[in-house]
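Features reported for this protein in TrEMBL:
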type     : residues         : note
BINDING  : E149, D282, D285 : Ca(2+) binding site
ACT_SITE : S209             : active site, nucleophile
Amino acid sequence: MKISYEKEISFVRQEMGTFEIQTQTEKDFYYAMGFAHATDRPTQLLLMRILGKGEACEHLMDNEEMLELDIFFRRMNWKSELSKEIDKFSEEELKLAQAYCDGINQIILKKRPFHFKLIGYHPTPWTIEDSLLISRMTGYISLAQSQGEVERFFLQLVKNGVSVEKLHELFPAILNGCDFETLRKVNFSEKIVPDSVKWMNMISAAIASNNWVVDGSKTKSGKPILANDPHLETNRLPNVWYELSIHLRNRYFKGCTMPGLPACLIGRTNDLSWGATYTFMDAIDSWVEDVKDGQYLLDEQRLDFSKRQEVIKRKKHDDYLLEVYENEHGVLDGTPNDDGFYLTTQWSSRAAGHQSVRAIRNMFYAKTVEEGMKHIGQLEVSFNWVLADSLGNIGYQMSGMMPLRKDSWSGFYPIAGWQSKNNWKGFVRPEDLPRVYNPTQGYFITCNQDLNEFGEANPINIAMGDYRFRRVKQLLDENQQYDVPLFQKMQNDLYAIQAKEMVDYFLPHMTGAQKELLENWDFNYHPDQKAPTLFEELYTRLIMELLSASLGEDVAHHIITDTGILVDFYLNFDQIIHNPNAKWFETISRDEMIKRSVDKVKSKRIVRWGDINQITMTNMFFGGKLPGFLGFDKGPIELKGGRSSIHQGQVYTSAGRITSFTPSYRFITDMDESFIYSTLAGGASDKRWSKFYANEVDNWKNGIYKKY
């Protein structure tokens, strides 16, 4: 297929559906990207825009769940300051961003997607503001589901009367200076993000991931090799990622983009490759506001909140009037109608956009790791980036807007809002965030573990467990020579260090077939094995016993089954289990708690891991509501892996929805070549009748890569 914008643009489909695009000008480059996004992912584009604007009740479905979605996005108010960011664009940057929009509009304004014909929705032109909105929306949802949720969990523990000693054990070294007495009096909603937002299958959260990069000292090719597998919620079609091989004259990008964003996100060019994982940087903070007569206190003065009214249009009901109160600390949780203590919350990247667009654009032209680190460090959303260049250099750079806080405040707990000394003082320079250039060990690994040691600043106050990091390191240290096939095998590795270190707690209390099952286990989470199922039953039951002793069984059950707390922050609970003298074992000893867990699991029928660890990929528009024979959904699919294996395979229920964390995309590249090796959980198209709708699922499941 050939089209024209400034000059002729050619599109060729590769075997698995990825577009190979040739362009001659930079404007054509971004026009072609937008054209490709709208050709293959029009439904994804339009759904995300509708949600981000808080217009679901107006255009999609008018029910209470959609109203909750609209209220959330209107409260965030990301669309209000978009024009300020656009004013920062240079004339050239505006032309390129508009070219991307023109490419989208060439498709969506001429051919309305089938799904939107059903609901009578007529798309309006895509704008630069829409792309900035998508960037903020996707950045915030993934952050709020982790950092924001665990901070609310901490507040729940405080309100439930959990002792200060226990809280310091569960959240070590980050509660210094916390005013527990005031926090017990705070009025706050249970969740920072409503369930309807977190688990809508239209929105995919980027939480766990792996990446590593090695220099050429131990590679067969003598050049660096980079590997990356972002872990997302994969039980949806299409995948959040969209692959492209796009050329600007003799320069190319191969890798992943995201529909709605004019950006080459992860992948490689002729000279440089880069991959991302989530950092767990604490970029969202809360303040306690002293409210009286509708005003808040600041430095001994009573001030009025800024009040904003949002009108949410509804298809089947009267318009909903939403009132939102804000101050310099962010959005108020609730309304200040009654006197008391309330929370305001702010995300550091709430007004982001222009700087990130410029940073990603510059990555396309960067030729060395040093250049790449300089540019990617300017990205306003927080990620761990590993980089490699064709000259043989490797590096690591964290991005994101880390708030500059008063020295004694970690940012994890809410602080007094009535003292201006507790306000943010700006943001940490990228040069002071964790970063490494040409590490002495010849490789660098990020798997969502604590990386504070590599920076002047300490952006992470609570991280994921380091089990995946340790397993990657173990495999790199064991092998004397690296190549692409080895890294493919590593990305599909199922060995769980966490299980190996935990299983000995249970074995002394076990007998019979269950004990034999664990004793003979190789600690791999293979779908055909029963041992992973048994271990997960025991481990989850132990966490239930641990929390029930302090919070009661109902609250403990809610935390485990209806939140992502255990999914993301299992390391904090593991640290308690490893300490037999912890305050959490004051009333019931650790051994007794473990014995209780074993006793409650011994009568359970243990099935294959694949029988319970499985997903169905549901169409993002219909959400699993259509009969299976129509083919909009793909599954059930047995998932390999567990929470602590390199290949994660976590399936759990949260807020009544099945969700998952698995590798959404895998890619590997050797800088001695021009190729990328990849596999996508889904396909290029969001159109059910396209042969590229879910054509890569089987290869993804079986660890088979394409090369282009």
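A Cβ is built for glycine as well, from the same backbone N, Cα and C atoms used for every other residue.
Because TrEMBL annotations are produced automatically, they should be read as predictions rather than curated entries.
In this structure, the binding-site residues E149, D282, D285 were compared by how many other Cβ atoms lie within 10 Å of their Cβ, and the smallest count belongs to E149. D285 (Ca(2+) binding site) carries a strand DSSP state (E or B). Following the DSSP three-state reduction, the secondary structure of E149 (Ca(2+) binding site) is helix. For the pair D282 (Ca(2+) binding site) and S209 (active site, nucleophile), the C-alpha distance works out to 17 angstrom. A Cα-Cα distance of 19 Å separates S209 (active site, nucleophile) from E149 (Ca(2+) binding site).
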